[in-house]
Amino acid sequence: MNIFNPNHDRKAIVIFSGGQDSTTCLFQAIAEYGKENIEAITFQYGQRHAIELEKARAIVQDLGIKQTLIDTSVMKAITHNALMDEQAHIEQKENELPNTFVDGRNALFLLYAAIYAKGQGIQDIITGVCETDFSGYPDCRDVFIKSMNVTLNLAMDYQFNIKTPLMYLTKAQTWQLADELGVLDYVQKHTHTCYEGIEGGCGKCPSCILRNKGLKKYLTQKGRKNV
């Protein structure tokens with residue numbers, strides 16, 4: 001897995017939630033661009049797992065990365081889903097999107113990130129979306145990202161480059177990437193993934209299950225290679 005591609009003459013902004021995927025992307029971006037060329041942008045959209053905002057703030061402070069926090073909580077007034085309703089039971093019915101899907105979330109994140117990036121003279125936008133081990137969210141697909149990239153370029157007459165380093169990685173491979181970057185323990189200890197907002201994870205929600213299953217698979221594979 002090629003993780004180092006020195007690109008220190010450019011700047012990049014990472015859409016950063018404080019979760020496993022975006023934190024792994026942040027570390028990879030630091031390796032590729034240099035810490036001084038990286039910024040993080042985080043969104044407060046009324047998520048029930050607001051603890052991730054605390055994790056995000058702690059991580060960027062620890063790493064010395066500039067963070068911009070954008071309030072998009074107006075979304076709660078126009079859409080309903082289990083990720084923004086603490087009383088809703090998280091579930092996925094057959095042949096339907098999970099009720100944790102937030103309509104328009106990634107489109108909005110990319111739009112605001114692009115507006116900010118252009119103002120800072122930044123072209124590269126990094127997001128940790130993935131369509132290999134994902135929950136069926138349509139806005140995590142590569143076809144959407146490519147479409148959004150074209151739309152933003154046309155909308156602002158600016159050459160954005162949306163990068164998705166995790167797009168075709170399984171969750172186990174994302175853990176592998178963190179390990180290759182030398183930050184597996186850091187990601188495991190300091191990031192938050194749980195939809196329920198429970199410190200350390202509930203172990204039962206789809207996000208926790210995917211995270212834990214991926215870690216177990218990677219560590220098992222790593223153990224076999226070291227035998």
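The backbone N, Cα and C atoms fix where each Cβ goes, and this holds for glycine too.
Per Swiss-Prot, the features are as follows:
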type    : residues                                                                    : note
BINDING : Phe16, Ser17, Gly18, Gly19, Gln20, Asp21, Ser22, Thr23, Thr24, Cys25, Leu26 : ATP binding site
BINDING : Cys194, Cys202, Cys205, Cys208                                              : Zn(2+) binding site
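Annotated features taken from Swiss-Prot, shown on the structure.
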residue: Phe16; record: ATP binding site; DSSP (3 states): coil
residue: Ser22; record: ATP binding site; DSSP (3 states): helix
residue: Cys194; record: Zn(2+) binding site; DSSP (3 states): coil
residue: Cys202; record: Zn(2+) binding site; DSSP (3 states): coil
residue: Cys208; record: Zn(2+) binding site; DSSP (3 states): helix
Those same-chain residues, other than Cys194, Cys202, Cys205, Cys208, found with Cβ within 8 Å of the centroid of the Zn(2+)-site Cβ atoms are Thr193, Tyr195, Glu196, Ile198, Gly201, Gly203, Lys204, Pro206, Ser207, Ile209
Across every protein chain in view, the count of C-beta atoms other than its own within 10 A of the C-beta of Phe16 (ATP binding site) is 31
CA pair Phe16 (ATP binding site) / Cys205 (Zn(2+) binding site), Å rounded to integer, equals 21
Taking all protein chains shown into account, the Cβ-based neighbour count within 10 Å for Gln20 (ATP binding site) is 25
Here the Cα-Cα span from Ser22 (ATP binding site) to Cys205 (Zn(2+) binding site), rounded to a whole number of angstrom, reaches 19
Lowest 10 Å Cβ neighbour count of the binding-site residues Ser22, Thr24 is held by Ser22
Surrounding the recorded ATP site, with Cβ no more than 8 Å from the Cβ centroid of Phe16, Ser17, Gly18, Gly19, Gln20, Asp21, Ser22, Thr23, Thr24, Cys25, Leu26 and those residues left out, we find Val14, Ala56, Gly128, Thr191
Residues near Leu26 (ATP binding site) by Cβ (under 8 Å) yet at least 6 apart in sequence within the same chain, in sequence order, are Val14, Phe16, Ile38, Ala40, Ile59, Leu63, Ile65
If you measure between the CA atoms of Gln20 (ATP binding site) and Cys205 (Zn(2+) binding site) and round to the nearest Å, you get 15
Row Gly18 (ATP binding site), column other C-beta within 10 angstroms, all chains, value 24
The rounded CA-CA distance in Å from Cys202 (Zn(2+) binding site) to Gly18 (ATP binding site) is 17
Excluding its own, the Cβ atoms lying within 10 Å of the Cβ of Cys194 (Zn(2+) binding site) add up to 21
Using a 10 Å radius on the Cβ of Cys208 (Zn(2+) binding site), the other Cβ atoms enclosed count 18
Looking at the binding-site residues Cys202, Cys205, the one with the fewest other Cβ atoms inside 10 Å is Cys202
